[in-house]
Amino acid sequence: MTSRTEAVKAYLLDLQDRICSALETEDGGARFVEDAWVREAGGGGRTRVIGEGNVIEKGGVNFSHVFGSGLPPSASAHRPELAGRGFEALGVSLVIHPHNPHVPTSHANVRFFIAEKEGEEAVWWFGGGFDLTPYYGNEEDCIHWHRVAEQACAPFGADVYPRYKAWCDRYFHLKHRGEPRGIGGLFFDDLNEWDFDTCFAFIRAIGDAFVDAYLPIVQRRKNTPYTPQQREFQEYRRGRYVEFNLVYDRGTLFGLQSGGRTESILMSLPPQVRWGYDWKAAPGSEEARLTEYFLQDRDWLGQ
């Protein structure tokens, strides 16, 4: 393990600790349970799960560090120069599914890949971001989420937030449904356009921003009363979350194709979901407004 990899690993382990602590404090009831695991083909990780709390119905904050002699197809398909290289992949990935349908689901990920081959220069990149999936939209929450994202990106250039916001909108899109998964945030991959230290500083800024972006929204919405019908709608919309993760998500596909730990990879799936044949929201309802207004390609900071 190189000094670069060691520095990234130390940061990611600390990030996992800090996020878990903040979420436990906010929930006020449930605690994370840790499952340390070893990957037979190389590496391991710390899966931490939480559930049936005061706020969080199901959540997980995972750290993994895996390595192998060759990259799986999901990682090398768009980068053919990586074929035949050994690799290390480190990351923290989290998903939080709250009980209350007025509290959005959140997802964040920061990761580092390095691929090496004897006699050749190492190829490395960072990836990550965070995105928000509301069930009942609120403009105040959307603006706050994107404002924190913009502030995290600002020291690295005025063009960074718009680029990675647009990438997030493109990435978290269910092509077969013709709709986005949520209201976006940031997404980036293959990041090595700056030197290593700057790229590493950037993912630290993104990782550190998650709690500031999410917890104020949780605090505003966690005590909002809700009906059984609103809970049912939340479960229906969670179905879209499952569809995206199992069909499109590169992290999920990479994990499964590289022999990753299935329980940790599928931790992101919500605990209760429903599908209904050709279900449609009533015209003029809050449920209809979610897709008509919030789940659109919108400039939340420019309106």
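Even glycines carry a Cβ here, placed using N, Cα and C.
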Swiss-Prot annotation of region 'Important for dimerization' - which of the ranges 61-96, 97-132, 169-204, 241-276 it falls on: 241-276
Cα-nearest neighbour of H176 (divalent metal cation binding site) within the listed binding-site residues, N109, G259, R261: N109
Secondary structure tally of the region 'Important for dimerization' (241-276) (DSSP, helix then strand then coil): 22 helix, 0 strand, 14 coil
Cβ atoms near R261 (substrate binding site) (within 10 Å, other residues, all chains): 22
Integer Cα-Cα distance in angstrom, H107 (divalent metal cation binding site) to S93 (substrate binding site): 8
